[in-house]
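Q: Would you mind keeping the following structure in view while I ask a few things?
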């Protein structure tokens, strides 16, 4: 794939009518940089994992976890407590060692290609919030899983699998309503032509649409996307504000009196108008709804669970 990025310097004939040379070159150089970053970060990850295994990092961390839980009054019989301390230390170590790579990706690669909209302060605040929220979910779920394994007997793996399946489905259900709003602002898509067109598209394929939201993704990146979520007859569609010409904050002038962080974010926006026309938004959304129409989501859940089991 990297060879293709390096050698394909002209727009392929099949795309000649829909993509100009400037856009293609920007995309090619961006993907080339992402490929290089992926190689080196992946290589580091393999070397780090191998070093930890060879040098006894896991037994060391387990022993350290026991010492910490012991100081807190939990002896060796409190195996679940020690396991949670171990998990907390492991994820903290992973977050710290992964931080330089994340910083480079955001403030060098994404910045170089005009996608980054974050300030350094926002980046660290967001990273800390993600870590805290992750621990608030991960630690209780892990403690229940370990308890199930402990009392499950010979068939513990079946109970553990059923538990993880239920947890996965619950997290998918509540993510957009309760977790994602902790990081981004969601607003209903106002009444208008675009909303009517989306509702018509959904109706044509019997997609049980209940609500359409716009998420404020422009404070992080100028990348755009769309997705849907929900089970059964309660489906919602989410559009990134960067996908919409009329709603992207990157197309708006900073309001008088805005704080410095927002002003700095807005100053990074380009003169070229951000977002897509309605027809292009519907094309992006049509791709996502195609996954639902063809049953890809359900099939992937079944395949992953069978493979896991």
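For all residues, glycine too, the Cβ spot is worked out from N, Cα and C.
Just so you know, TrEMBL annotations are computer predictions that nobody has curated.
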Q: Labelled transmembrane segment by TrEMBL, one stretch among 55-73, 112-130, 131-149. Can you tell me which?
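A: It is 131-149 that TrEMBL describes as transmembrane segment.
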Q: If you check TrEMBL, which stretch out of 23-44, 155-176, 177-198 is marked transmembrane segment?
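A: From TrEMBL, the annotated transmembrane segment range turns out to be 155-176.
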Q: Cβ under 8 Å to the transmembrane segment (80-104), counting only same-chain residues 6 or more beyond its ends: which ones?
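A: Sequence-remote neighbours of the transmembrane segment (80-104) are 37, 41, 44, 48, 61-62, 64-66, 68-69, 72, 74, 123, 127, 131, 134-135, 138-139, 142-143, 146-147, 150.
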Q: Within a 10 Å radius of its Cβ, which of these binding-site residues (287, 291) has the fewest neighbouring Cβ atoms?
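A: Ranked by other Cβ atoms within 10 Å, the binding-site residues 287, 291 bottom out at 287.
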Q: Restricting to the domain 'Peptidase M48' (188-306), what is the model's mean pLDDT?
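A: 78, rounded to a whole number.
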